[in-house]
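Presented below is the structure to which this report refers.
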Amino acid sequence: MPSQSLTIRLPKFEETFSVFPDNGLNPHYANSRAESRAWINQYHHAVCGPNMRTFMDKCNFELAGALFYPYANEAGLRATMDLVNLLWLYDELTDTKTETEAVNAAHIVACALREPDFDDGTWICSMIKDFNQRHISKAGPNTAYRFIYNFCNYVEAVGTEAGLRAKNEILDITTYISFRRETSALRLTFDLVQYCLGIDLPQYVHDDPVFASGYNAAMDLVCWTNDLFSYNREQAKGHAGANVVTVIMKSKGVDIQSAVDFVGGYCEALTSQLVEARRILLSRSHRVYSKDAVRILEAFGDFVRGNDQWSFASERYFGQKNKVVKESRIVEIITPFSDLIAINE
């Protein structure tokens, strides 16, 4: 029998995110892309088969960096591209691992970041130490500390996610939102916002409720839209339990389109939350809030808008139908997903 299929209609995020200025593509894209691709090729050849490497080319993660960070200088942009490539490779690898294997990988990452003399001979260790030395060692002390702390939390959360996946456990909405913020690695990419802008916010700014409100809104916007765009591939791999669409369907007892519509409405509210946080901080007298923190929130707007643009410019989520889906907003949900590729293929 042919596979059953259904369709969903995606929200028009372009309209929602039009409140954020479109600052276009970073002018250093071409040069930094070639350098970053050469760098990640040293590592993904160790674990990726030829088909997965071709898929990676079509995803064009370097384009993501150029859209997320349009203001970065060439060195900063290179760092963002390297990080996005690194995170993709780590995510694809751990998607196929058991909880024990994912926890072991997390241990390697943590040791590579925190112990200068650690070297277990693995490609993961080599990649992390190389990235840290090239980029994070040059960041401000607050940013560098947060980056290492956030990276260790991220890989630990990925290990926990592998355990939830094995048990087919679906979290409630509140728990999922907090958990997704950690498994998304967005704290790392947001740390690079400060690195690229040459701003090293003190921790008390991060702890400020208004800044935290804007920060969390930006994180959730990217998390929820990515979940929505990746749902088709994840359900095909049997990983849909760790996706906000599935979480909403279960928690609210609704069908898939109602869950998608809920995501769209919630993203409108999150957009307003980010804009409001910027407005409040702009009115403060202290420069660290009215200038530096505001600039960071504005850059988060670049990230949110750039993420939506890249999702349809790349074949990451919708394959060769990306441009058709962008126009029609219609996604056909099919199991099994015909062009799904294993990392070692």
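Placed from the backbone N, Cα and C atoms, the Cβ positions cover glycine too.
Noted in Swiss-Prot for the protein shown:
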BINDING   ASP91  Mg(2+) 1 binding site
BINDING   ASP91  Mg(2+) 2 binding site
BINDING   ASN226, SER230, GLU234  Mg(2+) 3 binding site
BINDING   ARG316, TYR317  (2E,6E)-farnesyl diphosphate binding site
MOTIF     91-95  motif 'DDXXD motif'
Rounding to whole Å, the Cα atoms of TYR317 ((2E,6E)-farnesyl diphosphate binding site) and the residue listed as 'Mg(2+) 1 binding site' are apart by 15
Sequence-distant residues near the motif 'DDXXD motif' (91-95) by C-beta distance (under 8 Å, 6 or more away from its ends) are 47-48, 52, 101-102, 105, 158-159, 162, 185, 237, 239, 343
Rounding to whole Å, the Cα atoms of GLU234 (Mg(2+) 3 binding site) and ARG316 ((2E,6E)-farnesyl diphosphate binding site) are apart by 12
Close in space but at least six residues away in sequence, with Cβ under 8 Å from that of ARG316 ((2E,6E)-farnesyl diphosphate binding site), the same-chain residues are LYS58, CYS59, PHE61, PHE229, SER230, TRP310
Students should find that the Cα atoms of ASP91 (Mg(2+) 1 binding site) and ASN226 (Mg(2+) 3 binding site) sit apart, in Å rounded to an integer, by 14
CB neighbours within 10 A of ASN226 (Mg(2+) 3 binding site), counting all protein chains shown, number 20
For ASP91 (Mg(2+) 1 binding site), the number of neighbouring Cβ atoms whose distance to its own Cβ is within 10 Å equals 14
Cβ density check for TYR317 ((2E,6E)-farnesyl diphosphate binding site), other Cβ within 10 Å (all protein chains) comes to 21
